[in-house]
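Record features, source TrEMBL:
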- Cys79-Cys89: disulfide bond (DISULFID)
- Cys187-Cys197: disulfide bond (DISULFID)
- Cys295-Cys305: disulfide bond (DISULFID)
- Cys405-Cys415: disulfide bond (DISULFID)
- Cys513-Cys523: disulfide bond (DISULFID)
- Cys623-Cys633: disulfide bond (DISULFID)
- Cys732-Cys742: disulfide bond (DISULFID)
- Cys839-Cys849: disulfide bond (DISULFID)
- 9-110: domain 'SRCR' (DOMAIN)
- 117-218: domain 'SRCR' (DOMAIN)
- 225-326: domain 'SRCR' (DOMAIN)
- 335-436: domain 'SRCR' (DOMAIN)
- 443-544: domain 'SRCR' (DOMAIN)
- 553-654: domain 'SRCR' (DOMAIN)
- 662-763: domain 'SRCR' (DOMAIN)
- 769-870: domain 'SRCR' (DOMAIN)
Amino acid sequence: MPRLENTAIRLVGGPTKYEGRLEVYESEKWGTVCDDGLNDTLSVVVCRSLGLPWNASKAYGGAAYGQGSGPIWLDNVKCMGSETGIEECSHNPWGSHNCNHGEDVSISCFPSTDIVVRLVGGTSENEGRLEVNRLGGWGTVCDDNLNDKLAVVVCRSLGLPWATSEAYGGAVHGQGSGSIWLDNVNCIGSESNIAKCSHSPWGSNNCNHGDDVSINCLPNDATFVRIVGGTTEYEGRLEIYKLGRWGTVCDNNFNHNLSVVVCRSLGLPWATSEAYGGAVFGRGSGTIWLDNVNCIGSESKIEECSHSPWGSNNCNHGNDISINCLPNRSTDTAVRLVGGTTEYEGRLEVYKSGKWGTVCDDGLNDTLSVVVCRSLGLPWNASKAYGGAAYGQGSGPIWLDNVKCMGSETGIEKCSHNPWGSHNCNHGEDVSISCFPSTDIAVRLVGGTSENEGRLEVKRLGGWGTVCDDNLNDKLAVVVCRSLGLPWATSEAYGGAVFGRGSGTIWLDNVNCIGSESKIEECSHSPWGSNNCNHGNDISINCLPNRSTDTAVRLVGGTTEYEGRLEVYKSGKWGTVCDDGLNDTLSVVVCRSLGLPWNASKAYGGAAYGQGSGPIWLDNVKCMGSETGIEECSHNSWGSHNCNHGEDVSISCFPPSTDIAVRLVGGTSENEGRLEVNRLGSWGTVCDDNLNDELAVVVCRSLGLPWATSEAYGGAVFGRGSGTIWLDNVNCIGSESNIAECSHSPWGTNNCNHGDDVSINCLPNDTIVRLVGGTTEYEGRLEVYKSGKWGTVCDDGLNDTLSVVVCRSLGLPWSASKAYGDASYGQGSGPIWLDDVKCTGSESRIEECSHSPWGSHNCGHGEDVSILCVQSREDWMYGANAIIVISVLSILLGLTWLTIAVFVMYKKRRSNLHQSNTDDTQGFQLEVQSLTQHYDDADQTFPENIYSALGTPCQETSENSATPYEDFKI
């Protein structure tokens, strides 16, 4: 229905007409506006359009007047302030948003007395949680970017002392309720009230009431500290007394200068004082008063150190700081080795502040073991440091992390490290040390059919473990086999646990041997016990592979000897090949090595001949084509892969000339349907990645069907197929004679499902559109008829130029038409025919707009587009004025002919006066009355009808004759 006025708006839920939740009427539904990008220029436009005061108007987010319901019509509204209506402001397409009704905008057009502040929950009038009254409702302030200048402004506006006032975050006076009115408040200090400080739009925030600001206008100048939970007065958890309650300090970015300041302020020794993180003296409770404390060391008290606003932090009590003012230098940083079979080995533990704790293996290397063993008076030249809790997990504090020693230090405490107790570890990363490991290492091969093969296991610290296959190569096999006195010249190393998964510790990772090493530990590797692997990555070794038969290949599961799943025999086991990086040169090498035809051979991914079992021997196989066997092609280490058997490679050495056929399935005629391809005797489908209509040209022409206007559709519009998805990323030029000649991914290799199946229509009808679900013909959900099916359009990239094209193509008003997303007129069903539709506005129909291939989309029906077809106000007024002019002219013309008729009758009466000289006036009146009745019965548009009604012939006059008006002169 054409709109004669601006978009209707109203304010709902306020106590007066000047305020309330902003609601917009569109498509016969009231909806709300989202507060994304909100500022007060919106309120200026809204209030002025409502005829209300607007100079001091305010816009609020966060559903300040309660949450609305129904559509959220507008989002990201940006007004200049000069607009006459909200619809003139820039905004997302109608109905498109990423909001909920908790973000509804509210407006106050006359808010001059709207703001009051108070302090709640304190022990006196000078302190409490800061609350702001806005729109008749009390709410709180968030502590983002908090500083004490806010306290200055608030206290001064309340007539309270302000010179030493303080602002606190973290809801230290308890959590409030209701709206969080303000966030990101930034005061200079000279403002007369909080409203004049810069801040986020009223009601817009990303906070909760745990972030509520509190104010103290007259704080007690003394901030007390204490040390709690230690065995003496010199040590314990650091606690601070503020606003009548004790709280803790978080260990973010702390250093020992903090302990200097704290201990000195307590009158305790401070020269050798230390600060520890990680709640080493137990977790505290209550408020975490300070975070990011950074002291220079010269401060007289902790509050003089730089820090986050009081009460603002992102910590928990596991980060509480502890202080030791007089650490025992003779015994405090003692170390020990625990859990080993001798005094020379075990889990490394450190004694600090009366507690034994462990060391994390982040950044571990053997220089740590040198320092530890030497400090213990143990052999250190060949010492080793191990990660991964090689001697079992410890308990208690994790005292140190990221320990980096030069090797010359006399004790672990002199190595660089995180602050004591600060870490991001668990006890599964505890460090172990072996000071005398010369006889500690042995290797063995387990699980093979002979002594020459098996899973590689390493004995370290008395425990057998495995080796991870990261960065594996055969030089490892050379070193291992030679160290075992076994043949090594042709030895091979395999990943992927081909001889079964081991158990226990994974001792080594990232082993890189040159080949000349005498034993595995001489190869470079990650620290012992440190890895990111599981036992599915265990390495196996074959010292004497059978070269005559070991790398045999076969084709399994085909209907002839020329085709099947490719399997490789290695180390007595048949396994498969993964299709990563697959191309047909692999099939050339395989078929030629089998003595089979190879010139037209093909390699297929996606387990075209069924999934295999056992090891996946090879991955990322890249052949030149000249190799005599698959093992000569470049590839990952044997057994190393990131695949599953759904990616097994298949080979066809003699694909018959009739191997490829296409058909269209599921359509209403031979000209349309789901595209299916027969390959290796099996029908499968084609994926719609990078689809275009040239594919339809090739397919239709190859089937002998019309092709000039053919179209290709994605999204399985003719139903989902089954079986193999044979082709993906098909790119046809259009001149190919069949689909196989188009470029495409290797046969059977894809990242699709049958919801992406391609369909073809060789003889499509013109596209039809309709509007469904509206209350009039001018509005509704946009539906498109294609290939015998009605479907919808997705709202990705939506703008109103689409509505212009659609409405004009339907012969409806279009100059002020609107396009809406989010299924404003209800969700449709069937195919989603179009996505990413981009019209310039000059198109004659929707299919001329740019868009994704028909049926290809990433949408659901909750994103269906709706259209409203209306005229602009100017067009309507032009048409209305024309109608008025025509109507007035018609009335004037009718009256003119009525006057002519009256005078004709008058002249006739004058000619007959000699017959009757009485009651002339009465007779004339009766005659006119009769004439008027005749006029009412006649078509008033044409004068000849009036003459007919009078029973008087209508005579045309010549161009030179006198007008009829001349005969009526009296």
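Every residue, even glycine, has its Cβ placed from backbone N, Cα and C.
A TrEMBL annotation is a machine prediction, not a hand-curated record.
These figures come from a predicted structure and were not determined experimentally.
Cys415 (disulfide bond) sits 60 Å from Cys79 (disulfide bond), taking the Cα positions as reference. The stretch from 335-436, 443-544, 662-763, 769-870 that makes the most Cβ contacts under 8 Å with the domain 'SRCR' (9-110) is 769-870.
In terms of DSSP secondary structure, the domain 'SRCR' (117-218) contains 15 helix, 32 strand, 55 coil.
Secondary structure of the domain 'SRCR' (662-763) per DSSP (helix as H, G, I; strand as E, B; remaining residues coil): 15 helix, 31 strand, 56 coil. For Cys187 (disulfide bond), the Cβ neighbour count at a 10 Å cut-off comes to 21, with all displayed protein chains included. Within the same chain, residues at least 6 positions away in sequence whose Cβ sits under 8 Å from that of Cys732 (disulfide bond) are Asn692, Glu694, Leu695, Val697, Val698, Ile739, Cys742, Ser743. Reported as a whole number, the C-alpha separation between Cys523 (disulfide bond) and Cys405 (disulfide bond) equals 22 Å. Ranked by CA distance from Cys623 (disulfide bond), the disulfide-bonded residues Cys79, Cys187, Cys295, Cys513, Cys849 have Cys513 at the top as the closest. Between the CA atoms of Cys187 (disulfide bond) and Cys849 (disulfide bond) there is a gap of 52 Å, rounded to the nearest whole number. Here Cys89 (disulfide bond) is positioned 21 angstrom away from Cys839 (disulfide bond), judged by their C-alpha atoms. Per-residue pLDDT, averaged across the domain 'SRCR' (769-870), gives 88.
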